[in-house]
Amino acid sequence: MDKKQLEESVNNRRTFAIISHPDAGKTTITEQLLLFGGVVRKAGTVKAKKSGNFAKSDWMEIEKKRGISVTSSVMQFDYAGKRVNILDTPGHEDFSEDTYRTLMAVDSAVMVIDSAKGIEPQTKKLFQVCRMRGIPIFTFINKLDRDGREPLDLTAELEDVLGIESYAMNWPIGMGKGLKGLYDIYNHRIELYRSEDEGQAFLELDDNGEIKGDNPLKDESIYKQVLEEIELIEGAGSEFDEEKIAKGELTPVFFGSALTNFGVKTFLDAYLKYAPKPAAHKTEDGSEVEPDRKDFSGFIFKIQANMNPNHRDRIAFVRICSGEFDRGMDVFLERTGKKLRLSNSTQFMADTRETLETAVAGDIIGLYDTGNFQIGDSIYTGKKAVKFEKLPQFTPELFMRVTAKNVMKQKSFHKGIQQLVQEGAVQLYQSYSTGDYILGAVGQLQFEVFQFRMANEYNSEVVMTPMGHKIARWIDPEQLDEKMSSSRNLLVKDRAGMPLFLFENEFAERWFMDKYPDVKLTAKL
């Protein structure tokens, strides 16, 4: 396509992540958005296991069994003239590294908050990452169908705890069993609360904010309270400011109930209107790659094994940063300088997919990987090499020895470990002295998921033995003496063969540094 066609296609892309604390309803709202995109006919809720209706975005076996998201899912659909790329992220803190990497691949974020709980720890952490990147944040306060905290308390907490201005796009008229509707401040109307199969019902407002014609809410005391609250926030709150939204300084706030699909369409319509088109991406040398640049470029932010367990495949997820992708094109892999032909490409609906012929900047595509790619790799066309900035990597704080339960199944054991480690959910180390495999993780749940997937996907039961070590520190190979190792500071090597010590605690680390004052230890490579 020519430059003008490329620019138009790129401008129609909207790529965002949904972030929240566990159980705020993130996966449920994702399902409802897919309904509007015509991708699914019925939203499966996480709770509906007996009926077999699992959330479309929770595709992994362990997610279906436990009702949690443990991996980022990618879903695409067309709606109102836009191509929407949604990345549904794990809410559980043990999988925050996967979520952080995902946030590097999006142009905006939707923050889902439970109306009964307000801002929770994981929400705050993920918000801060978005803030650091300066990406726009849209807020959906969920679960209006249940009793929750006062709306004024929730918006005040949003501003106080997160330090961001907010603008209420709508305001709840009641909550729980007393929910009557939403006062749509921005669209100047009232959206009545109806059951999902009844569809939307609106009452238009006149210039004074009064309902035109018959007012079914005139005798409701809650409605009078809502009018007073709206007068208060319009007088004392922030004004709607598109420029501040684009800079991530102001968050538009929407109320609704994802479970009953109430207020979700209103949110989606407004989001697509004000969310940013694909932005430029920074490279490691500090320059930026514009999305309408003719040459193709992108980076791999995720690798997922066994999305189709029948084929034991691996998919590398790519955020396209510039230009146009065509199936069968040749690209350079920046890390090796090697030229690769991208003949097997796919687009996603969580675990289902279809062959992808073309895509443009802003899109998320999948490449079948035979072992060429690593998380953080840059790929590009053209004469000038492109290397995008590094993706975040967490230093593990928990460690376990892992061995095969059945020594006769060493082949599947090794294959499983290598593939799952390449996804980046756990880190792999090997003892210098014994060659034992040691796994490192940020949280306990990562180990549980690893153990489950080894048995479920590779038919390899494993024995996990907890270790008392808590701190990982790398050492320059030239300064290394294997005699430095002891039970309290265990010498291991990472996947790249670089040496590091695992310390039991800060005291053990200080003791080591006092004994070897000239040795330089680093927390990350």
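Placed from the backbone N, Cα and C atoms, the Cβ positions cover glycine too.
Sequence annotations record features per position, and here Swiss-Prot assigns domain 'tr-type G' to 11-279.
Close to Leu144 (GTP binding site) in the fold, though at least 6 residues off in sequence, lie Ser115, Pro172, Met175, Gly176, Leu179, Phe255, Gly256, Ser257, Phe262, Gly263, each with a CB less than 8 Å from its CB. The GTP binding site feature in Swiss-Prot is assigned to 20-27, 88-92, 142-145.
Neighbour counts were taken at the CB atom with a 10 A radius for the binding-site residues Ser20, Thr89; the maximum falls on Thr89. Within the model, the domain 'tr-type G' (11-279) shows a mean pLDDT value of 84, rounded to a whole number. Sorted by the number of other CB atoms within 10 A, the binding-site residues Asp23, Lys26 start with Asp23, the lowest. Under DSSP, Thr89 (GTP binding site) is assigned to coil, being neither helix nor strand in the three-state scheme.
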